[in-house]
Amino acid sequence: MVNMKASMFLTFAGLVLLFVVCYASESEEKEFPKEMLSSIFAVDNDFKQGERDCAGYMRECKEKLCCSGYVCSSRWKWCVLPAPWRR
């Protein structure tokens, strides 16, 4: 009974180790963290670079009007999605 528990534990530990090694080598190849950060900032830059006279989702709407499809929250003064319970 002890041998079976030990062998199951070693098998599980080996699979976890294999997963970690494969993930690490794949991450190095793809440079996952850099790609993720650059994609996040690229989306943010699109909003900054584009000439807009409206505010997008979760942007302040005190001075700007919200873009189409959004409404200005009277409580928080952010552009949010319209919902039946919001007025």
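Just so it is clear, glycine is given a Cβ too, placed from its N, Cα and C backbone atoms.
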Consult Swiss-Prot and report which candidate among C54, C66 shares a disulfide bond with C79.
C66
Residue among C54, C72 that, according to Swiss-Prot, closes a disulfide with C61:
C72
Secondary structure of C61 (disulfide bond) (DSSP, helix/strand/coil):
coil
If you measure C54 (disulfide bond) to C79 (disulfide bond) at Cα, how many Å is it?
10
Quick one: pull the CA-CA distance for C67 (disulfide bond) versus C61 (disulfide bond), whole Å only.
10
Quick check: in three-state DSSP terms, what is C67 (disulfide bond)?
coil
Sort out the sequence-distant neighbours of C61 (disulfide bond) for me: same chain, 6+ apart, CB within less than 8 Å of its CB, listed by position.
A55, C72, S73, K77, W78, C79
